[in-house]
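Step one of this worksheet: look at the structure below.
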């Protein structure tokens, strides 16, 4: 069977730039998500037998996943990650009495658990950001400036509450994000590369690289629920109830050959290979934005095609929406900073006037 090429969001219009640039800061563009960075990792536990080493490994994995999740969530919102959250310091009381010793202790503990010799490439990615957080927070001036910016950013209660009120009624993206926040994480399950269920080709480095850079996506709008995909690659595909439509349950839980067979067997071409960086926005759009479905019976009879949206085109629009939303947010933050600076200057001028008056009174009245 001849493998079909990847279908990307950009290919629907030919004019779209790299989608990663739409919602990531320059700080992270050099790394991207990393080959093995994943939001969800399958773990197996046994209540009957557990050892200290396995417990330590599990704890390290949890710390690593927490750090990676914090970084990726910030990337999805085009923000810098919260340095305190990266170091596990999120309690307000701890922040008030924060010392360099506390920062150093938290950093060393987390850096040890994320060391590349233990956690591999994911650990290297996490350590790069941890090192920047540590360097910033250990410098008194940098930490003070960072905390001021953080206070402004985290204090945008009006933005958080009224953000989507800015958009006109009927904006499907604003309505979807009001109901379900977009995290930038895939909605299908992801297993670690070294997990026994991961079927990526680990013997051939070139093929492994190719496989890790793509993912499988199901266009649930055009799916007719034939069930062929779940038969060819049951770990990867599931049929939803009650419609019977297919959905990609997990990534690389089946071999590439099994997934490709499912793609070739699909009678309506609703299964696609897509670049991995497009998987998260595409799954969000198909599950939370394009929620209307034409009945399978109508599809089989050739009716309702005018109601069927293109998820690739819609995802392109969604990424544009995220980019514009971030621009608005940046303007809002800058305006808040400008107002804060103006308020400080006004207070300083008032203090100077009061001081001059006090001196004048002392001059004239002795």
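Cβ atoms are placed via backbone N, Cα and C, with glycine included.
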Per TrEMBL, the range holding region 'Disordered', considering 297-331, 332-366: 332-366
Residues in the region 'Disordered' (332-366) grouped by DSSP into helix, strand and remaining coil: 34 helix, 0 strand, 1 coil
The domain '4Fe-4S ferredoxin-type' (214-243) [mean pLDDT, rounded to integer]: 94
Contacting positions for the domain '4Fe-4S ferredoxin-type' (214-243) when only residues 6+ beyond its ends and CB under 8 Å are counted: 6, 186, 188, 197, 249-254, 258-259, 261-263, 265-276, 279, 282-283, 286-287, 290, 293-294, 296, 299-300, 308-309, 311
Counts of helix, strand and coil residues, the domain 'J' (82-150), according to DSSP: 57 helix, 0 strand, 12 coil
